[in-house]
């Protein structure tokens, strides 16, 4: 009788237990981790992120709030790139602070209490600290510490640096060239972009494909847009946009393009008034001169004046006569 070999031997009577043991031995151990399991790679990724953010700079800001603060105390926190942020609120009161609580909010939404919060009480001073990492634009916004039922608060406005342009409208004339300028004080944007506004949206300006525009800047924190051969339709709104690691900031500039007839309009109006006044004076002179040279008109005027004089004299002469008659009758 032939002996069974290979798998046939394993499935023969008496060997089912051995087969199960072999299958269990070849099955991967869950404790060792599955390379396709996201939890298997989460730990190294987190360690890499922590190592990446460990070298970030620290931005620390403080706000002092008292029980007499009727309005929110605000502080601007300007960030160009990812940073560690430490926000601290110090509340001072004259009464006991044992029952005083503090709540942190972002854009008026309560933040979850984690190990990043630290609140201490000492005497009549309550100090609350919130420390976290800002690494994207979604973390920008308003962070507020709210104290007690009266909701006395201090607010930190976290945002990227602001670009600044000319506040007043820039006036230029048809055919000329003009320069629009934007500056970012104490900051270095990664990139500058110019846009022209129309009725519906902002249109990017491509200086490489259109010789009408020249974009340059002598420093990294400023940008200049030169527009050549101006037309009236070139007037309108222009935006300069500064790009940072954490977001963007833009500023609006207004350009007014006038034709050369526009400055002459006030002078033309004055000239029209002068011409009208001279015409009226000439008409008066002509009428007066014509009146002097017309003798018939003068005679008629004299006759009318003579008749008026005679009528008045006749009335005056009749009155004394009536008085004499009355005296004779008596």
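Placement of Cβ uses the backbone N, Cα and C atoms for every residue, glycine included.
Among the features that Swiss-Prot reports, domain 'Ig-like V-type 1' is placed at 38-161. Helix, strand and coil counts under DSSP for the domain 'Ig-like V-type 1' (38-161) come to 19 helix, 63 strand, 42 coil.
Feature annotation from Swiss-Prot assigns domain 'Ig-like V-type 2' to 162-256. Looking at the domain 'Ig-like V-type 2' (162-256) alone, the prediction's average pLDDT is 92.
Per Swiss-Prot, the feature phosphoserine maps to 312; the stated evidence is similarity to another entry.
Per Swiss-Prot, region 'Disordered' is recorded for 293-330.
The annotation signal peptide is assigned in Swiss-Prot to 1-33 on the grounds of sequence analysis.
As annotated by Swiss-Prot, topological domain 'Extracellular' applies to 34-254.
For 255-283, the entry in Swiss-Prot reads transmembrane segment.
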Secondary structure tally of the domain 'Ig-like V-type 2' (162-256) (DSSP, helix then strand then coil): 3 helix, 50 strand, 42 coil
